[in-house]
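Here is what Swiss-Prot says about this protein:
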SIGNAL    1-30  signal peptide
TOPO_DOM  31-344  topological domain 'Extracellular'
CARBOHYD  N189  N-linked glycosylation site
DOMAIN    244-328  domain 'Ig-like C2-type 2'
CARBOHYD  N282  N-linked glycosylation site
TOPO_DOM  366-532  topological domain 'Cytoplasmic'
Amino acid sequence: MGPLHGALLPPISVTVSLLILLLCAPGGRCGVVHTEKSMTAVLGTDVTMPCYYQAEAGEKVAQVVWLKKGANGQNMEIALLNTEYGANIFGAYEGRIKEKAPLDPADGGIVLRNAVQPDEGTYLCRVNTFPAGNFDAELELKVLVPPLPTLGPGPPLTEGEGKSLAASCTAEGNPAPTLTWETDVEGTNTTQKYEHPRSSSVTSEFYVVPTRRMNGKPLTCVVSHPGFQQEKRITHVLQVRYLAEVSVQGHEDGWFVGKEGATLQCQAGGNPAPKYEWSRLNGSLPAEVRMEGNTLQFLRALGAEDAGEYACRASNGIGTKSSTAIVSIAEHQATKIDLVSVSLGSVGILTAVLLVVLVITLLLVNRHHKRQTKQLSEKIEELSTLSREASRRRLNSTTASTDTRLQLEEAMHLRSGMHCDSLRDPSISSMMGEEADRRSYSTLTTLKETETQTELLSTVPDEEVKEDGEEPEQVEQSLEKEPNPTEPDGMVGVANQPFIKQGMAHFYQENGTLRAKPSANGIYINGRGHLV
């Protein structure tokens, strides 16, 4: 220990010192020193280095000594904290170290102010106790040096050149910083790292192939470092020199004699901004014109002599480009067509045409429906007339057929009765009997069919039998017409169904049987009592 120890501590005999050292021998009880193994401090900030002793029962902390290990292995005292005499700071640390908890024997921590790079190293906290002796603990301190990044633009960028340096970003710190780029511009970058005794520097360069679209685009260098609470950014705006194509505008709407305020404009973008010159190829510029920037303005009304081919030349140090325009001046102002009015008029005309077409269509459809209705009525009337005529014909045919059949049956019956006695031959009698049975069966069949047809057609009104205004004599005359002899009896009855009802006036029904009404002309068939 240094000379200061003798001044601060009372004289201690060699016997007492040996006794203190033996107390921590195997089997003895010793305390524990608590501290951090490693700590970091940002350059220029304060850092607290803890050292706390957990004493056992009967132990007493006399003082705490802070030492820094040197490169040659020697320890250098920087602070001594005594429970009775206070703190002493040594050498270059004087004024930069203070006690963390003054007059607290158990807490031997110190605060190092305004940390600098030479403060990096290994520190030793030694606790002197009685009667246990000394206890040591080491602490590694690292000082972070945040970088101060810088960004430098490359040489001027010109459109059409090859790969060119756009910007370079450099940052130096401890430990080495990390550099990245943020941009919408397409390009490549290279990074180089350089080591220094107490720091490291990093340089990153960004390369592009210049185009006019890059002009004005941001290019940002992003620096990351443990000493930063957040990333740092440095932005550079790219400047690309170029000259765009030239065009003359302003005469497209048509110039005419007497037009006021006529102007021509020369459009040509570029970086730097180009300068403009005006001329007329077929002569000098007209009088009373003013050139202001990229505009050629006529200060008077136009005349026919102002026509010609005008030329504009733009230059900005990168190059020179020009363009021409032929200006024609009409004698009179061209009639302008109001597109809005034309559109509205067209819409109105189209609407009117559509309405007319709609009305005509409705009229034609209505007329067509009326014609169809009329034709349908005529058809119905025609069919009704034909139906009445067919009904009369069927009625006449049925009446005549019925009368003829009755007369034939009556005659056959009379002949059968008159010659019954003369026919003695059994075979002839048998044939006559069978013939009579067949006739009886035919008559009954005809009556049954007549009854069925009468029931089905009972709903037919009597008015259908004859036309309006037809006299009974006409009906009787039609009934006297002879039927078609080639038409079978059964078919006659079927064909004249609508007029059976009139003929059935001579019959009546009894227990499901059709019986003829008694009359003077009635005859009996086959002797069975059926009156026809």
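For all residues, glycine too, the Cβ spot is worked out from N, Cα and C.
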Whole-number mean of pLDDT values that fall within the domain 'Ig-like C2-type 2' (244-328): 91
Between N189 (N-linked glycosylation site) and N282 (N-linked glycosylation site), the C-alpha gap once rounded to whole angstrom: 54
Per DSSP, three-state class assigned to N189 (N-linked glycosylation site): strand
Secondary structure at N282 (N-linked glycosylation site), reduced by DSSP to three states: coil
